[in-house]
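Visitor: Below: one structure in structure tokens.
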């Protein structure tokens with residue numbers, strides 16, 4: 001555990017610092033220091049900070065997802081070309097051609113899952129933080145009493161404040177598993193804890209599901225709806241919610257607040273991107289073009305397409321009439337009329 005603590009040190013320090021900063025600011029503007037709402041808002045503002053930092057990664061993720069969808073027809077041709085060829089030379093050739101295809105279209109499949117991978121250290125740091133500062137002295141966190149020593153950037157006073165805070169009469173450190181098992185350390189009543197955590201887990205899972213469903217229904221071209229990429233998206237559609245269902249029973253209320261808020265942000269951010277910058281050939285692009293048509297605007301990408309066509313024309317080929325050379329007037333000789 002000490003080794004993991006060493007690896008996670010920068011993330012744990014950053015998470016605790018941001019939480020401490022927002023909690024102090026909200027206390028200054030009038031929220032009670034020990035209020036669960038103060039800590040809940042601090043967690044929501046932590047989400048805001050993290051998601052703003054991750055916007056560049058999200059943009060690259062969207063570009064990679066779009067690129068993967070666009071090159072699906074070429075990938076299928078490549079797979080058909082090497083279908084049934086299992087010898088090492090053919091496999092190596094297929095991999096080389098596939099990598100060249102990715103490079104030519106500036107696509108990186110790894111980027112499609114980078115934002116969620118980038119969040120994992122932050123999520124683990126938050127999970128450990130809320131588990132430890134909430135459970136200190138009552139959940140067996142070792143020999144360290146964080147309510148006396150503090151936790152990274154959180155002072156001992158802030159740790160004590162969080163450990164005793166409540167929202168809807170439920171303690172921020174309470175879990176659904178603890179309520180089901182009848183944990184005597186629960187701060188809220190068993191029914192209240194089960195009700196609140198169940199509602200939050202449902203919200204967390206449903207937002208994850210509808211975000212992925214929205215991507216598949218609206219922002220995938222017809223060519224991308226079949227093949228390996230589509231299969232991967234379908235697996236994610238059902239696998240990630242299952243992970244959240246089984247993991248959610250262990251999450252403290254504070255972690256449920258964080259992850260549910262993160263999912264709502266992702267769903268809204270993706271909705272905006274799909275509506276305003278859809279994948280070519282997708283249903284969302286057709287809907288965008290219909291909206292543009294009602295406003296008298298050309299289809300999206302039409303200007304860029306015309307510019308490409310003009311650039312690809314052979315040199316010297318121009319539209320419109322060509323200028324005729326002017327004829328020189330002959331001077332009349334004397335005596336001629």
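Using the three backbone atoms N, Cα and C, a Cβ is placed for every residue, glycine included.
Please treat TrEMBL annotations as automatic predictions, because they have not gone through curation.
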Visitor: When you get a sec, could you say which of 185-210, 263-288, 289-314 is annotated transmembrane segment by TrEMBL?
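Guide: In TrEMBL, residues 185-210 carry the label transmembrane segment.
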Visitor: Go through 7-25, 37-59, 185-210, 235-259 and flag the stretch with the largest number of C-beta pairs under 8 Å relative to the transmembrane segment (107-128).
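Guide: The stretch I would name here is 7-25.
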Visitor: Go through the chain and flag residues at least 6 beyond the ends of the transmembrane segment (37-59) whose CB is under 8 A from any CB in it; none is fine as an answer.
Guide: 15, 18-19, 22-23, 26-27, 31, 114-115, 118-119, 122, 126, 161-162, 165, 167, 172, 254, 257-258, 261-262, 265, 269
